[in-house]
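Heads up, the thing below is written out as structure tokens.
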Amino acid sequence: MTRKLFGTDGVRGRANSYPMTAEVALRLGAAAGRYFRPVGAGSPRVVIGKDTRLSGYMLENALTAGLTSTGMNVLLLGPVPTPAVGFLTRSMRADLGVMISASHNPHEDNGIKFFGPDGFKLSDEAEAEIEAILAGEIQPAQPGNIGRAKRIDDGRGRYQEYCKTTFPAGLRLDGLKVVIDCANGAAYRAAPEVLWELGAEVIPLGVEPDGKNINLRCGSTHPEAAAEAVRAHGADVGICLDGDADRVIILDEQGRQADGDQIMALFAARWAEEGRLRDATLVATVMSNLGLERFLSARGLRLERTPVGDRYVVEAMRRGGWNLGGEQSGHIVMTDFATTGDGLLAGLQFLAAMAQTGRKASELSRSFETVPQLLQNVRYAAGQEPLTAPSVQAVIREAEVRLNGSGRLLIRKSGTEPLIRVMAECEDEALLRDVVEEIVAAVKDAA
């Protein structure tokens with residue numbers, strides 16, 4: 001079976017346009033309900049969380065209707081981070097978890113992703129089976145077996161308490177001034193409260209969601225305001241989350257950014273010294289910088305690369321039994337603590353390193369020199385396949401010859417947007433620019 005509706009991170013699109021319509025969400029809920037509750041089975045429960053997008057109300061109600069129509073009992077969590085849904089699915093012994101979010105995308109977009117009873121995102125195979133059910137006639141429950149829906153008030157609080165248990169026992173953040181940018185998203189209450197309860201002086205940004213300002217000039221994809229706040233307040237560190245708080249970017253005391261590669265390098269080195277890094281292996285995607293690979297190799301550590309997408313990082317970690325992975329974009333996966341990327345937990349681990357070592361954020365967030373990397377995105381029209389054009393393939397082959405032995409080239413379609421991502425790494429920056437610009441021009445001509 002193949003997946004057409006699901007991308008690399010669930011179903012995603014523009015709100016009120018296919019597939020992010022109330023009609024599709026209702027049927028998707030019913031299909032998921034029938035997948036997790038075969039005809040004649042008991043009354044499983046599902047938890048539903050969402051971020052702060054205006055369209056979340058519509059999709060939450062539609063999903064609830066579809067799920068209850070097949071006999072699923074629904075527990076509504078309200079706005080919570082994506083990793084909270086994974087945690088609460090397990091903690092509340094639910095059979096299914098659902099998160100309504102388009103992560104770092106603007107408010108006009110939204111998405112739906114599913115978690116299994118173990119708190120991990122569903123496999124490609126499970127999503128394909130749900131699509132197959134969706135394509136057919138979905139049998140509803142008998143009138144006496146229709147599910148119920150109930151709003152849960154303490155879901156966020158349960159997650160916050162769990163977050164604090166991952167912080168080293170007896171350690172506090174007294175004396176640390178922390179800027180936290182919540183992107184007007186799902187962690188707008190949880191993140192500042194956890195930091196304050198651990199003793200930090202908290203300067204919160206992006207904590208006034210209005211349904212339309214999620215990720216708007218704030219958060220991990222737009223950290224400029226947080227960087228300015230770090231400098232203006234003389235803060236020790238900045239933590240920037242995205243709209244659903246599953247990714248993080250760290251800012252040092254000068255407001256300079258540290259991406260997921262630098263964060264993973266710090267954690268891998270510390271965990272290896274402490275004997276916590278399983279099989280001396282870090283899992284990251286093909287997008288991670290060559291400098292990270294060199295840093296790990298110099299310390300006798302191994303980098304296992306996967307396709308782009310935190311779900312593929314997690315799948316590789318589970319297959320190999322490894323416990324640390326992530327993406328350059330800021331998804332940091334620590335399976336000792338969570339089933340998916342968790343920006344708040346990663347931020348807490350960085351703060352713990354600061355508190356335990358007494359070192360500045362700038363000293364901890366620059367583990368290696370990055371190899372110059374250039375990434376450009378090219379938007380294309382629906383139905384087009386520019387990468388199959390002979391002219392594009394010829395330019396790519398020529399670029400590979402020019403980079404041979406001196407760098408890396410990666411060209412791929414986005415799994416969540418109609419974009420071609422062109423990425424190259426090379427010590428020779430002039431060659432790097434030439435190669436990327438030539439490929440981008442060819443893709444634009446073919447798109």
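Keep in mind that glycine also has a Cβ here, set from the backbone N, Cα and C atoms.
Residues or ranges marked as Mg(2+) binding site in Swiss-Prot: SER103, ASP242, ASP244, ASP246. Here Swiss-Prot flags SER103 as phosphoserine, drawing on sequence analysis. What Swiss-Prot records for SER103 is active site, phosphoserine intermediate, and it gives sequence analysis as the kind of evidence.
Within 10 Å of the C-beta of ASP244 (Mg(2+) binding site) we count 35 further C-beta atoms, all protein chains included.
Report note: the Mg(2+) site is defined by SER103, ASP242, ASP244, ASP246, and the residues of the same chain whose CB lies within 8 Å of the CB centroid of those residues, excluding them, are ASP51, PRO81, THR82, SER101, HIS104, GLY185, ALA186, LEU241, GLY243, ALA245, ARG247, GLY341, GLY343. Every protein chain considered, the tally of other Cβ atoms within 10 Å of the Cβ of ASP242 (Mg(2+) binding site) stands at 34.
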